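J.: First the structure, which I've put down as structure tokens, then a few questions once you've had a look.
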């Protein structure tokens with residue numbers, strides 16, 4: 001029986017050597033049958049376009065749950081109908097990667113897929129509040145609640161979100177993976193303040209082709225020095241970026257190194273400079289940031305050590321004082337100082 005089971009699971013991989021779209025879809029329908037969602041279950045309402053991507057669009061849709069009259073909101077990543085075999089292969093590979101990654105409460109969850117015909121859909125959970133960076137910017141505004149959600153943040157909540165992202169990184173490390181682009185724009189928030197790390201495209205590329213072949217561009221101000229020196233990314237580079245994420249949270253979404261133009265960032269770091277302690281940041285949190293910004297990657301904490309430090313510091317953190325930054329963010333100016341693509345900041349929803 002065990003032999004039968006193992007042989008049946010072996011045959012459930014998508015035959016990515018196939019060269020026609022039809023053959024790829026036949027293979028995928030069999031390999032991903034446990035994830036397949038009938039398309040008619042997504043027709044409970046009109047698709048809401050969130051973003052146009054290079055190979056397809058990202059939509060919000062309603063998925064029938066099996067309870068009469070009850071639907072749940074999901075996000076569809078679509079591959080356009082005229083896709084070539086290579087694009088289909090890549091899209092199916094991403095679904096399979098997510099399936100093999102398994103479930104972790106702080107990673108965006110794969111709900112299922114529609115791969116019986118084009119257009120293909122990857123169906124992901126909808127994370128209600130959207131991305132953390134936009135949330136941080138909203139916290140600067142003089143609105144205490146929108147839709148009943150308190151748009152404010154305390155030091156303790158910064159630690160709580162940080163712990164969840166560190167837990168996601170520890171899980172990726174166990175899987176012999178890393179994220180490659182840890183930043184507030186790649187963290188999603190639920191109403192209950194559950195944080196989900198998203199944007200796993202780099203992890204997929206590395207898993208598929210090796211760390212040296214990654215083509216995805218990561219904004220330089222979030223990169224560890226070894227990445228800027230063209231060495232492959234790693235979980236230790238994620239830890240450096242995590243320090244930048246803490247800075248983003250405690251400043252309510254300020255761009256890192258505001259006084260340094262993006263092209264000058266490597267020479268700035270080579271002179272042993274790091275970011276100064278923000279006025280809203282206590283010494284304990286700044287010490288954690290500095291541990292992440294060790295030039296020598298081996299001296300940076302592991303995700304598990306980082307999680308421990310955040311949990312310890314969180315216990316005595318301030319849970320009363322709301323972080324306040326009076327200036328509102330001008331996205332165009334932010335994009336220029338941070339060295340990020342302005343379009344990537346508008347309703348960003350990069351799941352994978």
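Just so you know, glycine gets a Cβ as well, placed from its N, Cα and C.
Unlike curated records, TrEMBL annotations are generated automatically.
Per TrEMBL, the features are:
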{"type": "ACT_SITE", "residues": "181", "note": "active site, proton acceptor"}
{"type": "BINDING", "residues": "185", "note": "ATP binding site"}
{"type": "BINDING", "residues": "186", "note": "Mg(2+) binding site"}
{"type": "DOMAIN", "residues": "44-323", "note": "domain 'Protein kinase'"}
J.: Translate the DSSP assignment of the residue listed as 'active site, proton acceptor' into the three-state scheme.
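T.: Note: the residue listed as 'active site, proton acceptor' is coil by DSSP, not helix or strand.
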J.: I'd like to know the mean pLDDT over the domain 'Protein kinase' (44-323).
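T.: Looking only at the domain 'Protein kinase' (44-323), pLDDT averages out to 92.
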J.: Which ones in the same chain are close to the residue listed as 'active site, proton acceptor', with CB under 8 Å and 6+ residues apart in sequence?
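T.: 199, 201, 202, 216, 218, 222, 241 - these are the non-local Cβ neighbours of the residue listed as 'active site, proton acceptor', listed in sequence order.
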J.: Need the DSSP three-state call for residue 186 (Mg(2+) binding site) to compare against my parser.
T.: helix
